[in-house]
Amino acid sequence: VGQRLLVKSDVIQEFLPRGVSAYGDGLENGQLLQIPLVDANPSLVFTYFANVTKGCTWSNVTLFLRHDGLPIVNVFNASYPNFTWVYQPIDYEENFLSDGLQKRLTIYHRQLSSVVFGIVFFLEDAARIQQQGLTKSCTTLFWGRVETLAVNISSVSVGERVEETATSVKLVRKSFVQPLSAKWVLDQSKEDGNITANVESILDLESGNIPTFLSWTILSPTDVGGTLQVDIKFNKDVRNSSVFGYLAFGTPENPDRIHFVANSSDVTPKATVIVPYPLAGVWYLSLYANCTEWNETDCQRNISVKVQISLSPCKEGACGPHGRCVQYFSAGLIYSACVCSSGFAGWSCSDDTNALSTTILLTSVLLLTLSNLFFIPAIILAFRRGFYSQCLLYFATMFFSSFYHACDQPEFSFCLMPYTVLQFGDFYSALTSVWLTAFIVANPSVSEEISSAICIGGAVGIAMAVHYNPTSLASFAIPIVCGLGLIAICWTRQSCQMHKCYPGKSYCLKAVLPCLLFSIVGLVCFAFLETEDNYFYVHSIWHISIALAIVFVIPPEGKKIDITKPPSNDHEPLSL
């Protein structure tokens, strides 16, 4: 007859509203959760919901939970590197809408489990690049509360821990200063049976059916965000032999354990197992030495094996040639994830299913950089017509934009200067070029001192805006609106003083109209048509459109027209 235990309902964890990000390739964009478990309760109730900013459409939100380890998220089913063992990637999966309606999930207590980790994210329907300020800013918020379940429990069963046998060796942890970095080695002062132990983790195994157990502990939360790697290889030249390994969690006889083998006859007599985001707890490695020949006289009875068990960010601290390993801090823990490029995906950016070819990557880089050469006509025309300040700015725009995009590419990257310097130079020179072009088109009839003040004031304002937020709509809109306003004021004043339309009809048809057409095409491409897939091509069209728009609108001469004198009958102001 089991004991009856009354469990009182109580809130043990509450997640205040927090923003939810779109899914990337793993945990890098997710919102992590950490739920402590109460030993006296076999189950908990997780109440949660998500909502969006008013006026925005509902998004599809996903919640993953996993006992004692970070959820291994692989929404797009990307392949894993060779020798990877994905052990219990998730325990609970919930898909729901951000409609504000509460949902409930019962989390059952697992034996020896002390915490549940979770991740919340939503899936985007499109990969369109949204410019800040042009579209409504939508935010998805997640809220949750975890409380004990008030139930009568007829019996509470407690799992039995596995007793370590005489052939079991517990490894000693050796930590490093870098987060998510550790290794486990044998204790030099301990010798069990036929095992010779030392700090290099070299074992002398006896051929036969008697296993050797090694055990070590993955700590929470310091280790769960890394990658566990187990390597076994022969320490000396041996022949006709093999070493079998069984990696298991919780108990050596776990039915979900993985088997791997190292054969002395292989070109590389080594076996490896990689475990992403290992569960916190005790791990076991069972080793068997075996002879591969029928004639036992051709076999070696004692086999020396080196065992390397380590923890590192990502896969050995790297993500291959097509990604970079980044460490994040969230929910009180540090974890690592690979940020892939050029269409590669997966745990270590090894999945090339959607990878871009070298030809496409090289073409995209050339388009983004060489499209800036369309500023050369504007540079030459501004120089020949005496607009030397504008000529210098057009050249700076071409220079910084070319090298900024060359530095921004993941595969064929060339950074002439630090990335932040190139980015600032690109945005600042481009917007200042718009402002000073508008100034010469407006042709204000003011003194040189006032003209200089207007130009410098605009340049200072643009510098502050670009430094504050170079990608915001305001940084682009304010110089353009101010430039158009200056043109409208000056042209209206010219028209009133001259009692005729200013500028002339010829200039409007041959300069203003083509400039507007190219500018509209460029702005539409930049603001509404750019996506992750077509960015290289559409953004290049933006470069070409703006460069050609400037060519058409540059006034025919650099000398200021004196509007106090009546125009001659044979000269139309600002005519081409």
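Cβ atoms here come from the backbone N, Cα and C positions, even for glycine.
Recorded disulfide link (TrEMBL): CYS349 to CYS340, out of the candidates CYS325, CYS340.
The disulfide-bonded residues in question are CYS340, CYS349, and the one with the fewest Cβ neighbours inside 10 Å is CYS340. The stretch from 387-406, 426-443, 450-468, 535-555 with the most CB pairs below 8 A to the transmembrane segment (360-380) is 535-555.
Residues 389, 424, 427-428, 431-432, 435-436, 439, 444, 474-475, 478-479, 482, 486 of the same chain sit 6 or more residues outside the transmembrane segment (450-468) yet have a Cβ under 8 Å from a Cβ within it.
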